[in-house]
Amino acid sequence: MDWHAQHGKWTLSSSDDDDLIPSKSPYLNQRKKVDDSISSWALSDSDEDHDNAKGQSSEQKDLPPKSATSRPKPKKVKVEERPPSPHGRTYYIDEPDDFFETSLPPVNDIYRFYLNKVTGLDKKYNTGALHIKEILSPLFGTLKESVQFNYCFDIAWMVQQYPPEFRDKPVLIVHGDKREAKARLVQQAQPYSHVSFCQAKLDIAFGTHHTKMMLLWYEEGFRVVILTSNMIRADWYQKTQGLWMSPLFPPLPKGSPETAGESPTLFKRDLLEYLGAYRALELTDWIQRIREHDLSETRVYLIGSTPGRYLGSDMERWGHLRLRKLLHDHTRPLPDEEKWPVIGQFSSIGSMGLDKTKWLQGEFQRTLTTLGKSSLRPDPPMHLVCPVKHLAFVFPAGGSLPYSIQTAQKQLWLHSFFHRWQAETTGRSHAMPHIKTYMRASPDFTQLAWFLVTSANLSKAAWGALEKNNSQVMVRSYELGVLYLPSAFNMSTFPVQKDVFPATTSSTSFPVPFDLPPNRYSSKDQPWVWNIPYTQAPDTHGNVWVPS
């Protein structure tokens with residue numbers, strides 16, 4: 001694939017992590033309905049964004065007067081400020097009245113894996129999906145305090161998502177912003193005295209605080225939500241997102257031993273270890289609260305990344321080596337396993353190296369293909385689901401897929417692994433995937449050996465990379481996800497659910513968020529690249545894409 005012919009010659013960066021620091025923001029022109037107020041925008045919700053690109057919104061230009069006659073200027077009416085969004089102001093259509101009225105998921109749901117609600121879909125595709133207002137509603141508990149771990153925040157919008165009766169309850173924000181971006185975040189919170197901050201330490205260059213998690217402390221107990229959405233409005237309406245919501249964890253009896261309330265998956269130990277890695281006083285009370293609750297009902301495994309260089313047994317604590325360890329210890333080899341493809345689906349791509357033998361197959365694919373203690377290391381098919389540059393989703397949503405031309409041109413070999421995003425099974429083919437999932441499927445795609453939903457994109461920064469002759473692993477970012485293994489559910493494999501929605505009854509089939517099998521890119525397909533222009537054909541909303 002050659003972008004040179006269509007877009008001229010591009011200067012390549014020498015940095016291995018150039019995709020992590022976009023220096024220019026694209027802007028949006030509309031061909032059909034030109035609106036001066038959205039003629040430009042700055043990237044505000046990209047996953048691997050640079051500090052200075054985040055949280056900025058375009059200023060609305062003054063519209064020309066309707067007539068030339070002079071008249072006194074009327075006083076400007078103060079309007080409610082919308083959160084910064086790359087989607088422009090016409091994006092903010094009010095959701096339909098019944099958007100929050102579709103039935104909630106079954107309380108005895110086996111997997112507790114949910115997609116978010118998406119505007120513009122047939123009602124059945126939102127039945128059993130969750131919106132943030134529902135997650136924070138009294139239906140799930142009487143909230144006393146909460147913590148929001150995330151990458152990108154709009155605090156005014158976030159506060160409005162809490163129901164009125166909980167809106168002044170203390171909220172701790174865990175973020176990775178520094179300098180100017182941190183100052184902007186603190187400024188946003190000034191009107192809200194109940195909001196406080198915890199800055200995650202990012203000591204390794206190009207790392208981000210990318211974890212997305214809620215800790216919810218109720219009068220009735222405690223709950224954990226691990227998700228893929230940023231804490232901004234644009235992520236909760238027209239994108240495909242996923243989340244795991246824990247059961248309600250009850251308090252332990254007073255005087256319970258330290259080991260009480262543990263799950264068979266050691267989720268409690270691993271969550272405490274993850275929170276401890278922040279080395280933050282602000283999280284001390286929360287660590288103690290978790291110790292005092294019974295997390296024994298948890299059936300998923302926690303997979304986190306925290307920045308650092310790790311040696312010896314510590315190498316298996318985080319990132320893809322943590323995933324490898326769990327797959328080694330808790331799965332079994334399968335007949336014809338070399339025919340079971342591994343599937344990775346993500347919204348951003350880092351630098352993989354000069355060829356597939358470096359990190360992708362040398363490290364990451366070896367992890368994904370681990371099944372039990374088998375010494376067999378087959379080379380099964382690897383399908384990477386990456387949105388193609390076509391009209392399936394509106395261009396503005398592409399700001400959340402920051403795959404740069406500089407990185408793409410250095411690894412054209414990667415594109416032979418690419419498959420299209422198609423999600424008719426969940427009604428979300430046109431809802432840009434910000435969700436990140438990884439799985440191992442049977443050759444006929446009816447069974448799963450395991451499934452992972454996480455914040456981690458396809459990058460060494462997120463998953464870690466081996467160094468010094470494989471004697472240490474280096475991780476740049478904070479990430480968090482949950483791994484589903486059949487053994488934790490007394491199953492040998494997960495059956496793939498064919499009709500995910502409406503999700504009105506509990507099922508032992510697993511609700512994969514996109515269509516299986518994924519379709520390989522055609523010879524004409526190109527991956528979405530966010531920092532080149534797409535002007536020859538507008539998207540379905542009449543937008544063209546022009547990097548400024």
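Heads up, the Cβ atoms here are built off N, Cα and C, so glycines get one too.
Summarising the annotation, TrEMBL assigns region 'Disordered' to 1-92.
For HIS210, the entry in TrEMBL reads active site, nucleophile.
Residues or ranges marked as substrate binding site in TrEMBL: LYS212, LYS436. Proximity of LYS212 (substrate binding site) to non-local residues of its own chain (separation of 6 or more, Cβ distance below 8 Å) is seen for PHE149, ASN150, TYR151, ILE226, LEU227, THR228, SER229, ASN230, MET231, SER455, LEU480, given in sequence order.
Using a 10 Å radius centred on the Cβ of HIS434 (active site, proton donor/acceptor) and all shown protein chains, the other Cβ atoms total 24. The active site, proton donor/acceptor feature in TrEMBL is assigned to HIS434.
Annotation comment: TrEMBL describes SER459 as site 'Interaction with DNA'.
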>> Can you tell me the CA-to-CA distance separating SER459 (site 'Interaction with DNA') and HIS434 (active site, proton donor/acceptor), as a whole number of Å?
In response: 15
>> My understanding is the cutoff is Cβ-Cβ under 8 Å with a sequence separation of 6 or more in the same chain; which residues meet that for LYS436 (substrate binding site)?
In response: THR228, GLN345, PHE346, SER347, VAL453, THR454, SER455, ALA456, ASN457, GLY481
